[in-house]
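Student: Here it is: the structure, laid out below.
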Amino acid sequence: MPQHDQLHRYLFENFAVRGELVTVSETLQQILENHDYPQPVKNVLAELLVATSLLTATLKFDGDITVQLQGDGPMNLAVINGNNNQQMRGVARVQGEIPENADLKTLVGNGYVVITITPSEGERYQGVVGLEGDTLAACLEDYFMRSEQLPTRLFIRTGDVDGKPAAGGMLLQVMPAQNAQQDDFDHLATLTETIKTEELLTLPANEVLWRLYHEEEVTVYDPQDVEFKCTCSREHCADALKTLPDEEVDSILAEDGEIDMHCDYCGNHYLFNAMDIAEIRNNASPADPQVH
């Protein structure tokens, strides 16, 4: 049976190593449902969703993380944004033919991974790593070694459960300021690598952890729900319209009679007529009606 989208944190009592396990199905389906992506693009977004959830769970503060793939390939952009409450959204842009069995480098071409961390309070941090690994997991492991000098392993699996897209992943990381033995970390990584896609996507988290680590002492913490949530709003659209030259806005109104702002993440449409624009320019709140 497919599990509810959740993230589980766990800790090895005898090693200075922490872990995370996440499975997503409903959240992934909501990200994909408003778009007709080729299967390889769906797979990349699934991997990005898992990776972003795992990375967001490493935050020690309120804020969000955006994990973005950019390049000159036929999929020139893929991005997932998530916050410390495990609220996720994402989108991809395709500008060319996608081979049926395209791998990551074929999709992105010459590109890189951008990780942007935005605390609710404090300065934003951005890290960039070249798309040198063969997988997203390998690229992100490289990011952790360069930016935080913390040995980190990611294990990401994608597939279908009951005919619907699903994905899951696990993260192992040496605890900051701890001296975990490399042999111990490698041992745990070797165990984790054996997880089968079907097991990860269909079994309860506690059973997965027992199958992998039944000879180790593991503390598992209360799970956190993962969900799709878009941050778009009529107010955000109004703020965006304020940044456009009046002439450009008036030209669209004259030609179309209204301005239709579409959210790529969730598919919502926000309509603004001439009266709405006048209210925006007068710093009043635009009328409430909204079309989905």
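Backbone N, Cα and C define each Cβ position, glycine as well.
Sharing the features that Swiss-Prot gives for it:
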| type | residues | note |
| --- | --- | --- |
| DISULFID | Cys230-Cys232 | disulfide bond |
| DISULFID | Cys263-Cys266 | disulfide bond |
Student: Determine the Cβ neighbour count for Cys263 (disulfide bond): the number of other Cβ atoms within 10 Å of its Cβ.
Tutor: 19
Student: Using a Cβ-Cβ cut-off under 8 angstroms and a sequence gap of six or more, which residues of the chain neighbour Cys266 (disulfide bond)?
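Tutor: In sequence order, Asn34, Arg89, Phe228, Cys230, Cys232 meet the Cβ cut-off.
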Student: Measure the Cβ-based neighbour count of Cys230 (disulfide bond), defined as the other Cβ atoms within 10 Å of its Cβ.
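Tutor: I count 18 other Cβ atoms within 10 Å of it.
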